[in-house]
Amino acid sequence: MSSTGENKNQIKIKFFTNEEDESLQVADTPLYVPVTLKRFGLSEVVNHLLGNFKGEDETKAPIPFDFLIDGVLLRTSIEDYLTKNGLSNEAFLTLEYTRAILPPSFLASFNNDDWISSIDSINPTTKIVMSSQLSISQPKILSGSYDGIVRTYNMSGKVEKQYVGHSAPVKAVKWISPTRIVSAGNDRQVRLWKTSYEEIIDEDEEEIEDGKTLALLEGHKAPVVDLAVDTQTNRILSAGYDQNIGFWSTNYKEMTSIQPLEYDSNVVSSSSKKRRKMAVQDATIRRRAPLSLLQGHSEPVEGVIFDAKDSTVGYSVSQDHTIKTWDLVTSRCVDTRTTGYSLLSVLQLPQVNLIASGSSARHINLHDPRVTTTSDQTISKLVGHTNFVVGLTASPHNQNMFASSSHDGTVKVWDVRAEKSLYTITRQDGSTNAKIFDVCWDDRIGIISGGEDKKLQINKGSDIAK
């Protein structure tokens, strides 16, 4: 006779998954579960249906799952979800389940000589490695620093190569191939670098190899703070505080040669021996002009990216509160979206058709670039950081996920299907005093972050985002 009372506390649901692994599929038969269940309880139900139990057989060990209702991650009990959405427990819910994102735990920390402004990485299966026809045996980390030096690290934390040439803080670094990189900095320079190809590094070799400057790419009249590389077209975008975007080739032979006209004025004014020495050294280096300069922003440009699906399209964000879409064939701006705050970083999530932009207002905007510009252009805002959001990086495993770095001293992991961040990463000692200037998510290495504490920190979850 108590079944009516029990039914009040239960709800009819059906499970489904888009996981490709057939062993994770359950029957779509409806069943009743308590409305008080949250993610953990629902995960137990699915594991029971899959026949997964704790025991000696690791192949049948329980798997942590996340759950979505109408494409939104469930972060409360079913009962709270019903209340929030004005539904009764007579509703019939369809729940999607997917492998859960496990917390990214601290893995390692590598020391650097100065603040770290920019990070990039490659591993044996990275797109730029596969397309270069050069193989590498181990992942590598690239860092740009406020001491003006670009460095590559191996996974033991050893600096393998360094690139000395910038006369002011380096603000952006990117891999072009295993033997080519590009960097940019406050000295207004974009530099193409070359290093010898060494598949096997001698771990006992104490001498750090110096990279060689292939060419100086000149055209900006103020600090250059961000770079994007498209390996399919061999093109580079640069974001300048002169309000311009540089469009370059990764091959210096494709750009017009220029003379070192008034070169001394192009070096940050200083009487330091280091900068005068650099200027003398650079006097013999080939210089190239940009293929074009994209003009349209009215304040410093903070971030640039290529469209992942169409290399002739680029996006930029600026302190002028706008995100612009560019036709790189004609060098024309084809779309401008205006916000109410300075935009400091930009990222594309191509599979879900979203552009994310980090702001000075501490939140992250998400918008669909395919949607015609309207007064309400933002699809959603992700709130959680307490200071500027200056770095964004996509998950290499999950099309809905990305990470952000902030001046609040943290890195946050996000899923666009959830209203709040999934996890917050602090420094190893738990502190949040030092600003985090950049973050890079590598599918082999993990989440790499760096900033004022002069450390490259690596965090990784065993099944994060898989």
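Each position is counted from 1, following the chain as shown.
Heads up, the Cβ atoms here are built off N, Cα and C, so glycines get one too.
For the region 'Ubiquitin-like (UBL) domain' (11-99), the predicted model reports an average pLDDT of 90. The region 'Ubiquitin-like (UBL) domain' annotation in Swiss-Prot covers 11-99 and is backed by sequence analysis.
The annotation repeat 'WD 1' is assigned in Swiss-Prot to 124-163. The repeat 'WD 1' (124-163): residue composition by secondary structure is 4 helix, 16 strand, 20 coil, according to DSSP.
Here Swiss-Prot flags 165-203 as repeat 'WD 2'.
Residues or ranges marked as repeat 'WD 3' by Swiss-Prot: 219-258.
In terms of DSSP helix, strand and coil, the repeat 'WD 4' (296-336) has 0 helix, 23 strand, 18 coil. Summarising the annotation, Swiss-Prot assigns repeat 'WD 4' to 296-336.
Residues annotated as repeat 'WD 5' in Swiss-Prot: 338-377.
Residues or ranges marked as repeat 'WD 6' by Swiss-Prot: 384-424.
Among the features that Swiss-Prot reports, repeat 'WD 7' is placed at 431-466.
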| Given the repeat 'WD 7' (431-466), which of the listed stretches 124-163, 219-258, 296-336, 384-424 has the most Cβ pairs that are under 8 Å apart from it? | 384-424
| Would you list the DSSP helix, strand and coil counts for the residues of the repeat 'WD 6' (384-424)? | 0 helix, 19 strand, 22 coil
